[in-house]
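Okay, so here's the structure we're looking at.
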């Protein structure tokens, strides 16, 4: 009887769930590899800044990939909705590591200096706001929160648009000149946000069924 009860309580594994865990594993490779390069003295003259920059860049990249899921589905019919939650959470983890690197390795946990930077340096202020906005999205990226919040969950997760815009602005303002890289990322982010604005008016297709439980992105 006990064995039967335990069997009945086993969690059902969804088909293809291993692909999501593989995405998480692959997603952390850049962080691990860059850390290894820094630890082995192969990140140039300023390894801390390079490590910090790389983590922030990957946070922005994963946010971009998160928002690309819907346009890809609209334009090609290819549905990657099951991976959207993982992509969004990877973006949050990288943003958190980016800030942790700044706090610990860059500022040496000097709270006074950190607070001063956040208050007085606009690009850090914007970056901090973007990180704070990602926190409730990460905390509610689960099926329980979707059921509990209902329609409010959709409204909450629209904050991802503000967060990614802030991330792009943070990137541009963090460089002293205007190299192509941050401008390109800002252009991609702008295109994705524009798509979200015009999509309700331009869409003229058969509705596509949407699986429940995909977080860190917004349903329209």
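Note that Cβ sites are derived from N, Cα and C of the backbone, with glycine treated the same way.
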Swiss-Prot annotation (transmembrane segment) - matching range among 20-40, 188-208: 20-40
Folded-back contacts onto the transmembrane segment (122-142), same chain, C-beta under 8 angstroms, at least six residues removed: 56, 85, 88-89, 91-92, 95-96, 99, 149, 153, 156-157, 159-160, 162-164, 166-167, 169-170, 173-174, 215-216
Distal contacts, the transmembrane segment (52-72) - CB-CB under 8 A, six or more residues away: 27, 30-31, 34, 78, 80-81, 83-84, 87-88, 90-92, 94-95, 97-98, 101-102, 105-106, 127, 160-161, 163-164, 167-168, 170-171, 174, 185, 188-189, 192, 195-196, 199, 216-217, 220
